[in-house]
Structures are given as structure tokens and as C-alpha cells.
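Reproduced below are the annotations present in TrEMBL:
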type     : residues                                        : note
ACT_SITE : His186                                          : active site, proton acceptor
BINDING  : 84-88, 94-96, 166-169, 224-225, 248-250, Cys281 : NAD(+) binding site
COMPBIAS : 12-36                                           : compositional bias 'Acidic residues'
COMPBIAS : 306-315                                         : compositional bias 'Basic and acidic residues'
COMPBIAS : 351-361                                         : compositional bias 'Basic and acidic residues'
DOMAIN   : 56-295                                          : domain 'Deacetylase sirtuin-type'
REGION   : 1-36                                            : region 'Disordered'
REGION   : 306-361                                         : region 'Disordered'
Amino acid sequence: MSDVPEASNREEVEENTPEPEEQSDDSSDDGEASGDTEMDFLRNLFSKTLGISGEKVLDELTLEGVASYIQSGKCKNIICMVGAGISTSAGIPDFRSPDTGLYANLQKYNLPYPEAIFQIDYFKKHPEPFFALARELYPGQFKPTVCHYFIKLLKDKGLLKRCYSQNIDTLERVAGLEGEDLIEAHGTFYTSHCAQYWFLLPSSPVSILLQDFPRCDLLIIMGTSLQVQPFAALVGRVSNSCPRLLINLEKAGGVRIISIGGGMDFDSAKAYRDVAHISTCDDGCLALAELLGWKAELEEMVKREHEKINSKAEEEQTNQSSGAAGKAESGKAESGKAESGMAESGMAESGKAESGKAEVE
């Protein structure tokens with residue numbers, strides 16, 4: 001008998017107990033939203049801890065915005081990071097262009113892979129390919145580009161902090177930059193050293209870049225795919241309130257670490273300081289110079305300096321021709337002198353013979 005009321009009570013309890021609600025499809029969305037909230041929280045936390053700024057530092061994320069920033073007077077320490085793309089209009093190939101790039105035209109050197117031509121271990125065993133290539137790229141055959149002279153113009157106006165170059169062609173120096181203006185990150189034809197006694201080299205540029213990049217108030221990146229480390233990582237060395245301008249044929253440098261810094265952000269809703277101007281380096285520099293009111297000055301500089309280079313080349317060629325002609329004349333004179341000597345010697349021998357004949361008679 002006692003079991004019946006208990007069963008009845010259980011039924012009443014079950015009737016009065018609300019059934020659990022079925023989870024809707026929106027629950028996953030709520031989870032994603034919660035995840036986004038947590039990520040936003042982490043970003044904000046890191047931003048406060050690391051001093052990362054999310055506020056726009058340019059009036060607009062365009063070349064016009066960069067020009068306005070330069071003209072504002074807030075910009076006094078510009079760092080330029082440059083790669084092979086700034087020298088292509090001078091006739092020097094870049095590395096990665098599909099058909100015209102250096103790596104696409106190294107078959108004649110029979111390399112195991114294209115990058116081997118610049119690697120020290122391969123060079124020690126097989127130096128011939130590098131020296132053959134170096135002969136093709138050796139300075140003296142090329143003139144600096146508009147882009148090189150734009151960097152020189154930044155120096156002349158007291159705005160250039162330093163130029164960090166991946167190039168070995170020395171065209172920055174030909175354009176007028178001094179050694180103190182340059183960090184030639186991958187070496188240069190301007191200097192050479194013994195690979196065996198590398199430890200006797202001057203101190204590395206690391207101490208310089210550790211001072212330069214925190215002080216930088218505008219980073220201009222030109223003509224590089226930002227694929228080669230550790231050079232590519234330098235874009236993340238500037239402060240997070242420093243604008244960064246990329247002038248290149250395509251966007252580059254977009255790799256980020258958990259979305260809190262380092263890589264460049266051109267297109268997202270959170271973009272606040274990075275500008276991509278897609279063009280050749282020369283065209284980009286001319287466009288920026290025009291916005292700054294410097295275009296005529298830049299074009300005049302290019303024309304003047306190219307005329308100097310052409311004049312010097314003509315003078316050297318004339319001197320070489322004169323030297324060759326002088327040597328030829330000198331050779332002729334020596335030859336004539338020798339012939340004259342031989343003739344005189346012949347006359348002397350003839351005289352001796354005549355004298356002998358007279359004595360016999």
C-alpha cells in the first residue's frame with residue numbers, strides 16, 4: 001500500500017518539474033561572441049600593458065594622409081626600409097618577380113636552389129656562381145633611381161633618421177647618402193672583408209637599430225616583399241603609434257602575432273596607422289613628393305645628378321681612350337726607335353765591312 005502514494009507523488013513531481021529547454025542553434029553564436037569578447041579583452045589588456053595604440057595617427061589611411069602628417073611638423077625621424085624593388089628601374093633585377101626576377105634566371109649557374117648563390121656555406125665550396133653574378137651587378141653600370149634620390153631629399157630636409165637597405169648595389173651611396181645614413185643589412189659592394197676573420201669586423205648594427213626604431217615617427221617601406229628575416233621583422237620594431245607606409249607593387253608584411261602587433265594591417269576595421277600605396281617605387285615617391293610640394297625639386301635633383309654621372313663616365317672613357325692612344329703612340333715610337341737602331345747598326349756593320357775591305361786591299 002505504501003508504494004502507491006509514492007508513485008503518485010513521483011508523478012506529481014514530474015508534472016510540476018519543467019522540462020529542460022532544447023538548446024537553440026544560437027548557442028554556438030553566443031559561444032563565438034563570448035570568444036570574441038574574450039579576445040577583445042585580451043587585446044585591450046595587451047594594448048595597455050605594451051602601450052599599443054589603437055587610435056588613428058593619420059587623418060586618413062592614404063598617401064595624402066601621410067603627406068599631411070609629414071607637413072604637420074610631428075614627423076622628424078623617418079626610417080626607410082628598402083629592398084630590390086627600388087633598383088629595378090635602374091636595370092638591376094629584383095629577386096622574386098616570376099619572369100624577370102633574379103631567382104628566375106639563375107639556371108645557368110646549376111644551383112641546388114636559387115637562394116644558395118647568397119649562402120656562405122655554398123659560397124665556400126662553389127664561389128664561381130656568386131662572382132659571375134657579382135660581375136653582372138657590379139657598381140658603375142647603373143644610376144640611382146627616383147626613389148634613391150627621394151631618400152636623399154629626405155636627408156637634405158633633415159627628416160631622415162636612417163635608411164635600412166637589403167641591397168648590395170651601393171646606389172644609395174651614389175645618390176648621396178653617407179655611411180652614417182645607412183645600414184646595409186645584407187652587405188654591400190662598397191666594402192669587403194675576410195670571411196675567416198669575421199670576428200675582427202666592427203660591431204654589428206644591432207645597437208644602432210635598437211636606438212633608431214623606438215625614435216622613428218614614420219616608417220617608409222619600399223620595394224620589398226618583407227619575406228626575408230630578420231629584416232622583415234623590423235617593421236614591428238617601431239612604436240605602435242608610428243605610421244607605416246608601404247610603397248610596393250603588392251601588399252606585404254601582413255603576418256601578425258595573435259593579432260596584437262608586428263604585422264601590417266591595411267584593410268581591417270581595426271586598421272589605424274598602416275598605408276599601402278600600390279605602384280612602382282619611383283611613381284610612389286613622385287606622387288608623395290608632389291603632395292609635399294617637392295616634385296620639381298626631386299625631378300631637378302635626378303636630372304642634375306644623372307648629368308654629373310654621365311659627364312664623369314664620358315670623362316673616364318675619354319681618359320681611357322687617351323691612355324690607350326698614348327700607349328699606342330708610345331709603342332710606335334719605341335718600334336720606330338728600335339727600327340732606327342737596327343738601321344744604324346746595319347750601317348755600322350756595313351762600315352766595318354767596307355773598312356775591312358780597304359785594309360785587305
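Yeah, the Cβs are placed from backbone N, Cα and C, and that goes for glycine too.
TrEMBL entries are annotated by machine, without manual review.
Remember, it's a predicted structure, so these values are computed and weren't measured experimentally.
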According to DSSP, which kind of secondary structure is Ala84 (NAD(+) binding site) found in, if we only use helix, strand and coil?
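Where Ala84 (NAD(+) binding site) sits, the three-state DSSP reduction gives helix.
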Could you tell me which of these binding-site residues, Ala84, Leu249, has the fewest other Cβ atoms within 10 Å of its Cβ?
Leu249
If I take every residue in the domain 'Deacetylase sirtuin-type' (56-295) and average their pLDDT values, what number comes out?
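Mean per-residue confidence for the domain 'Deacetylase sirtuin-type' (56-295): 86 out of 100.
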Report, as a single number, how many Cβ atoms besides its own are within 10 Å of the Cβ of Asn167 (NAD(+) binding site).
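Asn167 (NAD(+) binding site): 25 neighbouring Cβ atoms within 10 Å.
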